[in-house]
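Undergrad: Sharing a structure, written as structure tokens. Questions coming.
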């Protein structure tokens, strides 16, 4: 109806403007143009002033690859899988199901960082559209295991409402290892192969789960490769994904413990984030110095990275906290 009114308005404009002086005519026409932009469902102005979902429905895979390669260190496997998953999903005009990715690894290895990079690149104008990116923190949003039934209803309503408003909604669940058992299974219908549910199509939505569970298994495999003088780049992705699926399904400290999401194969990708080595922590320190506006001090970079590389106690090959405390260490050292 709004568009119809706008069309009639613009038809009448030529008959109205001769009665106005030149200045009034310019103001009138300018106002009309602004009104048209705000009424149009895909206008650049509306999506600049308001938050628009439909302006951009595809990621620029080249741009996000450049972001991941430049900002994420030591995670060639994760970057490879994420890019492949996003590319396949975005190139499908009508995906049969939502894209579901589960990120696993120790703290500080880049799980949250990668999910944020995806969010920043998902919408138009390089501005994060927070209205369409929904971040659930288990500790904050689902703190009481005794309230699981209430959380289930709330979570279903929240997802249904937001996907109705924007089909390309992004949902990020952090601290999955602390999520009450059974809660995540409440969203199984939304992740399954359905054309629509009650008139709502979910195939363009993206779900990302962030999980520390499985991190020890990933580190164990990486360390075994290192001890056998094999490169971490040679770790087979399929083997890791299969092990992660089994590990978190059996792990009581996982939000996916005996979950239907795994039983029904609704998680498309189990993505391993490898433990960070000394050379990777060095890159984190160097990047943090740059972000804080300091020159690259190689002695300081080596000192901080060496202090953070502490696992296992004999080899001191990996950082048990990844790059999580780099920013504070740099701040204290300058």
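Cβ coordinates come from backbone N, Cα and C, glycine included.
Found this in TrEMBL, in case it helps:
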SIGNAL    1-19  signal peptide
BINDING   105, 106, 107, 108, 109, 110, 111, 112  ATP binding site
DOMAIN    276-330  domain 'Torsin-1A C-terminal'
Undergrad: Using a Cβ cut-off under 8 Å and a sequence separation of 6 or more, which residues in the same chain sit near residue 110 (ATP binding site)?
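TA: Expected: 72, 73, 74, 75, 78, 273, 322, 323.
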Undergrad: Which chain-mates of residue 105 (ATP binding site) that are at least 6 residues away have a CB under 8 A from its CB, listed by sequence?
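TA: Long-range Cβ contacts: 78, 111, 212, 214, 215, 218, 272, 273, 274, 275.
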Undergrad: Which residues does residue 108 (ATP binding site) neighbour through Cβ under 8 Å, counting only same-chain ones at least six apart?
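TA: Once residues fewer than 6 apart are set aside, residue 108 (ATP binding site) is near 276, 319, 321, 322, 323, 324, 325.
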Undergrad: Can you name the residues of this chain that are 6 or more positions from residue 106 (ATP binding site) yet have a C-beta less than 8 Å from its C-beta?
TA: 212, 215, 218, 219, 273, 275, 320, 321, 322
Undergrad: Using an 8 Å cut-off from the Cβ centroid of 105, 106, 107, 108, 109, 110, 111, 112, can you name the remaining same-chain residues around the ATP site, in sequence order?
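TA: For the ATP site the neighbour list reads 103, 113, 212, 215, 273, 322, 324.
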Undergrad: Using a Cβ-Cβ cut-off under 8 angstroms and a sequence gap of six or more, which residues of the chain neighbour residue 109 (ATP binding site)?
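TA: Listed in sequence order: 74, 75, 215, 273, 274, 275, 276, 322, 323.
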Undergrad: Could you tally the C-beta atoms, other than its own, that fall within 10 angstroms of the C-beta of residue 107 (ATP binding site)?
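TA: Its Cβ has 15 other Cβ atoms within 10 Å.
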Undergrad: Tally every other Cβ atom lying within 10 Å of the Cβ atom of residue 111 (ATP binding site).
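TA: Result for residue 111 (ATP binding site): 27 neighbouring Cβ atoms inside 10 Å.
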